[in-house]
């Protein structure tokens, strides 16, 4: 067999025509769906563990017998703003002969600060656990920022690990890191310990979603790539819905953390259950291991590889024994030296799209708890649930219109929805347009994952993917601070989301279309 014939081995054609989609792929998708669902929980848990609660000043002289949040005498003891009691101010108490608090009990011309507080609900977050009130309340928003800084650093090194040592190790180590630091966070003694474990949780486990997602999409052909990505995305949304339900039923952040994080230790079994990515093995010259997995896939699916395919693969194995197994990396290193300004701009363009989409996506998730139509748990669950139809709409649009047009529709539509949510008065209309904005940015986000994977080559896919994610995580680092903009103007968060959505849609026009394109194996295929 000649070298030209050897090069004809095509994994996509082998998977599509000989191995076919069957029981084997379904088992792998079932395995990787679990860490994806866990990531949907862990990336949003801070919304509830560090949630802001309604509270007011405690009036020790009046709250001894009745510690209700709203009492008949409260307007006498506390200044009110927008029909709600001030959180950190109260009128000076003066002694009187009456046994009950009344108008004579307070000097309403003197306003003083508070030493203790009464909360509206029985919910326990780190706010009342660590007394993060008044001047310290900003530390709640910092937890989300700390989480996203951890994600940023995670993507800096996990892309290299995934491309060098395989996707499987990133999934397993990431989930174990999540489990360890999530449980430790539940037993934190103070705010700083909690914040440190929040950072380590994100640092170790944030890349599990991307690694598991790449495993899934590298296992299927272009014909099935879109629907496969859609199904995997659904498990991320289901993880968010599960988080909202657990937070509703168990309104104690410690219980929430234990219930949601302990299951991640199940992933230890993946050392034996989850195979390595076939496409990654081939790119690293590990053809013998790839052949074993392909044979196992044939056994599960009750199919056979053709004599020509087996011969081509066996010839590759023999050739690989006589050359450096890092040959593909060396080739890509040579191509890296020839990367043009156009390619760099293309990567930068895609990275900005990630920044904008992630900022808007997580911003709408986070700010959903401030919608006034339902309570915060129902708001969050509904905003997560709307992703499910969004993923299937994405699947339809990507197959009919292509990747670029689908992304454009999602980004522009989300921006328009955010503006309408602000311009049209009424709680119901704001909620409707808010949810539409989340639906449309979900379409953009789910399409962006597949689009990015299709643009970059196998040997460097997770590294380039991580570069985009790192830039995107800068957006998610800033997202937890958006509730602070409400203090300046309630309209600012949604207007900012709209601006980023519009600008990313414009830059998107300069990126290539990847519909029905085979996954590129090296930089030459990817950019030429």
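Using N, Cα and C of the backbone, Cβ positions are placed for all residues, glycine too.
As recorded in TrEMBL, the features of this protein are as follows:
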- 101-516: domain 'Major facilitator superfamily (MFS) profile' (DOMAIN)
- 24-47: transmembrane segment (TRANSMEM)
- 169-188: transmembrane segment (TRANSMEM)
- 194-215: transmembrane segment (TRANSMEM)
- 227-249: transmembrane segment (TRANSMEM)
- 255-274: transmembrane segment (TRANSMEM)
- 343-364: transmembrane segment (TRANSMEM)
- 376-394: transmembrane segment (TRANSMEM)
- 406-425: transmembrane segment (TRANSMEM)
- 431-452: transmembrane segment (TRANSMEM)
- 464-486: transmembrane segment (TRANSMEM)
- 492-511: transmembrane segment (TRANSMEM)
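For the transmembrane segment (464-486), the partner stretch with the most Cβ pairs below 8 Å, chosen from 24-47, 343-364, 376-394, 406-425, is 343-364.
Contact counts against the transmembrane segment (343-364), taken as Cβ pairs under 8 Å, peak for 492-511 among the stretches 194-215, 227-249, 431-452, 492-511. Here the transmembrane segment (227-249) has long-range neighbours at 29, 32-34, 36-41, 44-45, 48, 209, 212-213, 216-217, 219-220, 256, 259-260, 365, 377-378, 380-381, 384-385, 387-388, 391-392, 394-395, 446, 449-450, meaning same-chain residues at least 6 beyond its ends whose C-beta is under 8 angstroms from one of its own. Sequence-remote contacts of a segment are chain residues at least 6 beyond its ends whose Cβ falls under 8 Å from one of its Cβ atoms, and for the transmembrane segment (194-215) they are 28, 32, 35-36, 38-40, 42-43, 46, 126, 130, 142-143, 146-151, 153-155, 158-159, 162, 167-168, 170-171, 173-178, 180-182, 184-185, 188, 229, 232, 236, 264, 274, 277, 449, 453, 461-462, 465-466, 469, 473. Summarising model confidence by region, the domain 'Major facilitator superfamily (MFS) profile' (101-516) averages a pLDDT of 84.
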